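Asker: As annotated in Swiss-Prot:
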- D270: active site, proton acceptor (ACT_SITE)
- G109, G111, R112, K131, D143, G144, R194, R201, D280: ATP binding site (BINDING)
- N271, D280: Mg(2+) binding site (BINDING)
Amino acid sequence: MSFSRSEAAPAAPLPDLAATLAAPRDDAFQQLGAAFVTRLPAAPLPAPYVVGFSDDAARMLGLEPALRDAPGFAELFCGNPTRDWPQASLPYASVYSGHQFGVWAGQLGDGRALTIGELAHDGRRYELQLKGAGRTPYSRMGDGRAVLRSSIREFLCSEAMHHLGIPTTRALAVIGSDQPVVREEIETSAVVTRVAQSFVRFGHFEHFFANDRPEQLRALADHVIERFYPACRDADDPYLALLAEATRRTAELVAQWQAVGFCHGVMNTDNMSILGLTIDYGPFGFIDAFDAKHVCNHSDTQGRYAYRMQPRIAHWNCFCLAQALLPLIGLHRDAPSEDARAERAVEDAHAVLGRFPEQFGPALERAMRAKLGLALEREGDAALANQLLEIMDASHADFTLTFRHLARVSKHDARGDAPVRDLFIDRDAFDRWANLYRARLSEEARDDASRAAAMNRVNPKYVLRNHLAETAIRRAKEKDFSEVERLAAVLRRPFDEQPEHDAYAALPPDWASTLEVSCSS
């Protein structure tokens, strides 16, 4: 969602914004009660300063971008004023549970994130959450802080994914501090202001199911349906309809990830959004040299969350959500006994989950057909796309550049093949595939120019490659935030040529292969 400056609401002065956030709130989630949230102020962050800011996210909230320069902005969005807020308006951390790397992990929760309030604009309400705001009752052994490195990565990827058209949480700002924190080495603290209509996760439902709290489970489901899935209210079984919609959104989200070569890295059930958003940017990565078995998370030694595994894991996670919702499914129908209701609930849930492949597969096929510039639907299109991925995998061809350069291929001859062909080690394999591709293009009415234009609207030239983020991070550690701003600006126009920024679209340098990202953020 976006709108022009002229359409935006007048900017609220910072004191008014702070007062709005500090006022007693009516946001529905925190009204669910003490079983769901714990209120506490953020831990003070000394001498905060602005590292990054999203004008676009600000406008989405009805705020003017000039807000970033207002005195006290950094203080407000690292949570420092919250210690002076009334108890009824304090930020809150929510509790949830979940499966981590396929194993039940029990109670988890917002271990370093606090929701400070809601803002309403253009008919929608958005929660504002500070990630890195200090310890909470759910921090376990953590210090409650986020580091500058991971905060910049989350900010940049939130911007990148939104402008790629992929559902995601947003990031309004990154606030830094010189406060040291210990990870694998000494780093500095930062806070990301995350924005979403809701941060409810699969793990919230799992928590109340696992702890046998049916009233809270039903209250949570009713909250999600009432606020985000109102069409489910009128279904024969609202809770089954909720499962169906969440499953569909998840299938379609992961299809979009696969289409741009995005790896999430930590697809635990507590990192799955009930709204089908990309959430919790940690050890993520966009694939450079294509490898279907690519694992972006250095901590994922078993490859559970590899690129090729993401659809299967998403489906598995939906099973976990279904299990948590089973006590609710069928409550609106008359059943001769609780056992009969429960048995029918399992059957109905399995039927919903069985549709996941039917939702994911066509969504990915549509995306791949568009990436190949195919306006017409033909039976062999999926096979053609899969054959391309296979030869890309064999040659470790660059994922993003392969699809971007395919727009130069002509339906008439091989004169435009060189840019993409040069990305392949096995060029004979590419030539064989290109001949099949040209034969398929001959069935299309569009000329090369119009097809190329359409392809360039779906195949990004610019993605957040790890080495680009690393360069911005290294400069930010020296208090030079210009590269964060510059890179964010490039990523906000991923499909545009931007010839002055061609270097951001180039193949990664050799040193990029040594970069590792892990869960230590």
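These residue numbers are counts, starting from 1, taken along the chain as shown.
Glycine is no exception: its Cβ is also placed from the backbone N, Cα and C atoms.
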Asker: Counting only residues 6+ away in sequence within the same chain, which have a CB under 8 Å from the CB of G109 (ATP binding site)?
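Answerer: Counting only residues 6 or more apart in sequence, the Cβ neighbours of G109 (ATP binding site) under 8 Å are A93, S94, V95, Y96, T136, P137, Y138.
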Asker: If you measure every Cα to Cα pair among G109, G111, R112, K131, D143, G144, R194, R201, D280, the residues listed for ATP, what is the largest value in Å?
Answerer: 22
Asker: Would you count the other C-beta atoms found within 10 angstroms of the C-beta of D280 (ATP binding site) for me?
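Answerer: Its Cβ has 22 other Cβ atoms within 10 Å.
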Asker: Quick one: of the binding-site residues R112, D143, R194, D280, which has its CA closest to the CA of D270 (active site, proton acceptor)?
Answerer: D280
Asker: Let me check the 10 A CB neighbour count of R194 (ATP binding site). How many other CB atoms are there?
Answerer: 25
Asker: Report, in whole Å, the straight Cα-to-Cα distance of N271 (Mg(2+) binding site) from D280 (ATP binding site).
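Answerer: Spelling it out, the Cα of D280 (ATP binding site) and the Cα of N271 (Mg(2+) binding site) are 6 Å apart.
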Asker: When neighbour density is defined as the number of other C-beta atoms within 10 angstroms of a residue's C-beta, which of the recorded positions D143, D270 has the lowest density?
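Answerer: Among the recorded positions D143, D270, the sparsest Cβ neighbourhood within 10 Å belongs to D143.
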Asker: I'm trying to understand the geometry here, so how far is the Cα atom of R112 (ATP binding site) from the Cα atom of N271 (Mg(2+) binding site), in Å to the nearest whole number?
Answerer: 14
Asker: Sorted by position, what residues of the same chain at least six away from N271 (Mg(2+) binding site) have a C-beta under 8 A from it?
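Answerer: When sequence neighbours closer than 6 are ignored, N271 (Mg(2+) binding site) has G98, R201, G203, H264, I279, D280 within Cβ distance under 8 Å.
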Asker: I'd like the number of other C-beta atoms within 10 A of the C-beta of R112 (ATP binding site), please.
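Answerer: Looking across every protein chain shown, the total is 22.
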